[in-house]
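If you check TrEMBL, you get these features:
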- His66: active site, proton acceptor (ACT_SITE)
- Asp67, Gly72, Asp74, Ser76, Glu88: Ca(2+) 1 binding site (BINDING)
- Pro161: substrate binding site (BINDING)
- His191: heme b binding site (BINDING)
- Thr192, Asp245, Thr248, Asp252: Ca(2+) 2 binding site (BINDING)
- Cys35-Cys114: disulfide bond (DISULFID)
- Cys68-Cys73: disulfide bond (DISULFID)
- Cys198-Cys230: disulfide bond (DISULFID)
- 25-322: domain 'Plant heme peroxidase family profile' (DOMAIN)
- 1-25: signal peptide (SIGNAL)
- Arg62: site 'Transition state stabilizer' (SITE)
Amino acid sequence: MAFSKRLIFAMIFTVFAMVKPSVAALDAHYYDQSCPAAEKIILETVRNATLYDPKVPARLLRMFFHDCFIRGCDASILLDSTQSNQAEKDGPPNISVRSFYVIEDAKAKLERVCPRTVSCADVIAIAARDVVTLSGGPYWSVLKGRKDGTVSRANETINLPAPTFNVSQLIQSFAARGLSVKDMVTLSGGHTLGFSHCSSFESRLQNFSKFHDIDPSMNFAFAQSLKKKCPKSSNRGKNAGTVLDSTTSVFDNVYYKQILSGKGVFGSDQALLGDDRTKWIVETFAQDQKAFFREFATSMVKLGKFGVKETGQVRVKSRFVN
């Protein structure tokens with residue numbers, strides 16, 4: 001009898017040992033006791049910044065994507081370059097991110113209320129959710145408990161998915177972050193907010209290939225309108241470019257509708273319609289905004305868990321390691 005009890009206990013212990021995670025899981029209620037005002041402080045900071053500068057939502061959302069794609073969601077994108085190291089924020093794909101001051105401001109306020117408690121990585125994740133919601137998009141509970149990274153290298157930004165990628169390259173890039181094909185198409189919908197410089201899409205407008213001057217997947221009239229915004233003149237302004245969809249300050253499904261019309265700005269956007277693996281998802285989201293919102297919230301939570309550090313430091317200042 002005693003032997004049977006020991007055997008049963010051993011079996012139960014083994015099962016618990018098998019399912020026990022190797023590290024503590026992120027938690028939506030992580031700061032409920034240690035800093036209950038955290039999310040309110042971040043939301044108010046983001047809302048005020050957005051009222052002052054309508055470009056803030058797109059920039060903060062892009063900041064989250066770019067941060068998570070490089071070293072996991074560890075706020076390495078916030079670190080300043082030094083004399084001996086060029087940091088991520090100064091890598092070519094991140095030149096247009098900007099609005100780092102919003103995270104810096106929120107972090108400074110948090111340090112006054114809850115010193116050394118809320119990580120910069122969590123501030124970015126919460127702010128990304130807030131800008132989506134403030135722009136009319138979905139709300140989701142952000143899982144929290146990340147720690148901040150101490151390494152940031154500009155040359156690693158080459159690993160970000162490029163606006164010239166085809167579908168196979170996009171799938172491979174997202175899969176390396178634990179994201180599915182549906183996650184990839186869903187998160188691409190973040191382009192419903194934002195602006196692109198000419199350099200990211202002008203290769204589609206002229207000398208596209210041996211047989212086509214303009215990318216044949218692009219709506220001709222749309223291509224002509226983009227040509228006017230991106231003249232060949234070498235003295236065009238550094239702000240020359242276009243919004244990524246016609247309702248750029250509103251989080252909606254217009255991005256997918258534009259792809260169906262051949263008006264995806266990036267080659268990587270329009271490519272989603274030309275591949276059977278992704279076409280049906282584009283068509284679904286173009287017809288059903290609620291489905292897009294639901295999937296976007298799910299995919300953002302999934303991306304937010306990639307490569308997170310749950311041990312390490314909480315930076316006192318967003319731009320420097322402690």
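Using the three backbone atoms N, Cα and C, a Cβ is placed for every residue, glycine included.
Nobody curates TrEMBL annotations by hand; they come from automatic prediction.
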Within the predicted model, mean pLDDT of the domain 'Plant heme peroxidase family profile' (25-322): 94
Cys68 (disulfide bond) and Asp252 (Ca(2+) 2 binding site), distance between Cα atoms, whole Å: 23
Most crowded position, judged by CB atoms within 10 A, among Asp67, Asp252 as binding-site residues: Asp67
Candidate nearest Thr248 (Ca(2+) 2 binding site) in space, where candidates are the recorded positions Arg62, His66, Asp74, Cys230 and distance is Cα-Cα: Arg62
Sparsest-packed among the binding-site residues, when each Cβ's other Cβ atoms within 10 Å are tallied, from Glu88, Asp245: Asp245
From binding-site residues Asp67, Gly72, Asp74, the one whose Cα lies nearest Cys114 (disulfide bond): Asp74
His191, Thr192, Cys198, Cys230, Asp245 screened against the residue listed as 'active site, proton acceptor', Cα within 10 Å - retained recorded positions: none
Candidate with sparsest Cβ neighbourhood (10 Å radius) among Ser76, Thr192, Thr248, the listed binding-site residues: Thr248
Rounded Cα separation (Å) that holds between Asp67 (Ca(2+) 1 binding site) and Cys35 (disulfide bond): 24
Site with most surrounding Cβ atoms, counting all protein chains shown within 10 Å, from the binding-site residues Gly72, Pro161: Pro161
C-beta crowding around His191 (heme b binding site), within 10 angstroms: 25
